[in-house]
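Written out below as structure tokens is the structure these notes cover.
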Amino acid sequence: MDVLISSATMCISPKNPFLVRSARPGSLILPKPRSPANSVRFHRVAVVAAARATAIDLSDPEWKLKYQRDFEERFNIPHITDAFPDAEAIPSTFCLKMRSPTYINNKDRVLLKVINYSSPASAGAVCIDPDCTWIEQWVQRAGPRENIYFRPEDVKAAIVTCGGLCPGLNDVIRLIVITLEIYGVKNIVGIPFGYRGFSDKNLPEIPLSRKVVQNIHLSGGSLLGVSRGGPTVTEIVDSMEERGINMLFVLGGNGTHAGANAIHNECVKRRMKVAVVGVPKTIDNDILHMDKTFGFDTAVEEAQRAINSAYIEAHSAYHGIGVVKLMGRSSGFIAMQASLASGQVDICLIPEVPFNFHGPDGVLKHLNYLIETKGSAVVCVAEGAGQSFLENTNAKDASGNKVLGDIGVHIQQETKKYFKENGVAADVKYIDPTYMIRAVRANASDGILCTVLGQNAVHGAFAGYSGITVGIINNHYAYLPIPEVNAYDKSVDPNSRMWHRCLTSTGQPDFL
Ligand SMILES: Nc1ncnc2c1ncn2[C@@H]1O[C@H](COP(=O)(O)OP(=O)(O)O)[C@@H](O)[C@H]1O
Ligand SMILES: O=P(O)(O)OC[C@H]1O[C@](O)(COP(=O)(O)O)[C@@H](O)[C@@H]1O
Ligand SMILES: [Mg+2]
């Protein structure tokens, strides 16, 4: 198992075999905006596309081929041999009791988009050209490789969890540690309290082993602790050098991944042979390209309790109105899915869909109609919705994220005022379950997702990839370059089938 084999002789090249360098064509051509809400999204997506691409020359008979090559280049994942062409590969030390593992071929790919839209008018269509031509977009399949680029005895692996809490953090930590041990790694540590643990001398590393992590998934939170803000990338990489860390697993959202990519770039700059691998953690589910991120399913499930309580309160009161605020800084995925799942929500408000409170088409008028016709109502609002109605304090948290105003309190106050002014009785109850939801342990479906992501993160690091993250795409697992998943926040498309299903379920009109 310990024989070194030259990458030039035995090792399958980790680089993309189809990769051909080309100019960067390919701005996205999107369906004509159909509503103000869609035009916001159109603008955002188009800007992102324009920033990274020049227009496609459709008169060029090769345009499709060029687009595909450009895509391959963008989604090619960085490898240690980029900086160290002579890095040696050894046969994998990943082994299972009683049976030989099967390996992923470096040429294996996962299809990113699976719908062939026949026209730009087709629901949810995102097209590359005016005819909505089908273009295959492939990304790299995750999993164990036959050859690895680290000797387990030379590895010091570190795990860090950053940002806010999310169900499943402990499940991912657990599987990273267990998988590292199966490869033969003995030196595994946790960095306490996010990136802060790299610079705070009062926070010692936490030694990790299968014994330590065996049961941590039985509770929520993070064994290692989390934080926002912290040291600079230079300070983090200085600390990694000092500690001899050569594998870093970073669990966090878009901010954490921006940090992870900067750490990867700094390591390359300093010619450190290090693998930096992210596992996307965002309860808001706003990371690009993935079916979902871990913790999201659990959050939707847990949100049912809050919605059900709001429904019971509203239904049991005379003219009762229950308001529930759910997480979603810039996206309404939790609010939309929880509203759909519960079937008890009459009005769902998300950041992606503008609305008015007042006026003939406003939320309050519809609430009045619901009280008149049903006698009670439930409102589910995402925290990032309706921020334009609130005072902008320009306050930022330690990570630089905008501190939002409380839209739930605002809805409660405005509703009370409106009904009082109109001389109609209304009993308004407001529930904010955010921290109760974030703190629960992962449900079974998230538990499985975390298990697969944790294992694949370790396989990716041993395979020599760095500056990557791992996600579930069309029910398969893939490695993606961090800049591609971090290009902008994923959001709910107001013209998507899913949002339309939500509107069908709630029966709400457009509030504009
Ligand atoms: N652009 C960035 N570059 C480097 N580090 C960042 C960047 N943005 C955020 N971070 C760091 O990442 C960590 C988590 O970021 P935060 O936005 O709080 O959570 P999340 O990763 O869930 O989005 C913080 O320690 C923060 O300092
Ligand atoms: O109060 P905190 O800890 O700053 O967290 C609040 C935020 O955390 C979130 O759950 C998202 O967290 P991340 O940025 O870590 O993904 C948001 O929904 C919410 O706005
Ligand atoms: Mg964030």
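Here the Cβ of each residue, glycine as well, is placed from N, Cα and C on the backbone.
Among the features that TrEMBL reports, active site, proton acceptor is placed at Asp284. With a 10 A radius on its CB, Asp284 (active site, proton acceptor) counts 28 other CB atoms from all the protein chains.
If you look up TrEMBL, you'll see Gly164, Arg228, Gly229, Gly253, Asn254, Gly255, Thr256 marked as ATP binding site. For Gly229 (ATP binding site), other Cβ atoms within 10 Å of its Cβ number 14.
Sequence annotations record features per position, and here TrEMBL assigns Mg(2+) binding site to Asn254. Long-range neighbours of Asn254 (ATP binding site) (same chain, six or more residues apart, CB within less than 8 Å of its CB): Thr282, Asp286, Ile287, Asn486, Asp489.
Sequence annotations record features per position, and here TrEMBL assigns substrate binding site to Thr282, Ile283, Asp284, Met327, Gly328, Arg329, Glu383, Tyr435, Met436, Ile437, Arg438. DSSP gives Gly328 (substrate binding site) a coil state; it is part of no helix or strand. For Gly328 (substrate binding site), the same-chain residues 6+ apart in sequence whose C-beta sits under 8 angstroms from its C-beta are Asp284, Asp286, Ile334, Ala335, Ile350, Pro351, Ala382, Glu383, Gly384, Ala385.
The domain 'Phosphofructokinase' feature in TrEMBL is assigned to 157-459.
The annotation site 'Important for substrate specificity' is assigned in TrEMBL to Gly255. The local packing around Gly255 (ATP binding site), expressed as other Cβ atoms within 10 Å of its Cβ over all shown chains, amounts to 19. Gly255 (ATP binding site) falls within a helix when secondary structure is assigned with DSSP.
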In the predicted model, what is the mean pLDDT computed over the domain 'Phosphofructokinase' (157-459)?
97
Measure between the Cα atoms of every pair in Thr282, Ile283, Asp284, Met327, Gly328, Arg329, Glu383, Tyr435, Met436, Ile437, Arg438, the residues the record assigns to substrate, and report the largest value in Å, rounded to a whole number.
17
Measuring CA to CA, name the entry from the binding-site residues Gly164, Arg228, Gly253, Thr256 that ends up nearest Met436 (substrate binding site).
Gly164
Would you mind listing, in sequence order, the residues at least six apart from Gly164 (ATP binding site) in the same chain with a Cβ closer than 8 Å to its Cβ?
Val226, Arg228, Gly253, Ile283, Arg438
Neighbour count, 10 Å Cβ-Cβ cut-off, for Thr256 (ATP binding site): what number do you get?
27
For the recorded ATP site, enumerate neighbouring residues of the same chain (Cβ within 8 Å of the Cβ centroid of Gly164, Arg228, Gly229, Gly253, Asn254, Gly255, Thr256, site residues themselves excluded), in sequence order.
Cys162, Gly163, Gly252, Ser399, Asn401
Restricting to the record's ATP-binding residues (Gly164, Arg228, Gly229, Gly253, Asn254, Gly255, Thr256), give me the longest CA-CA distance in Å as a whole number.
13
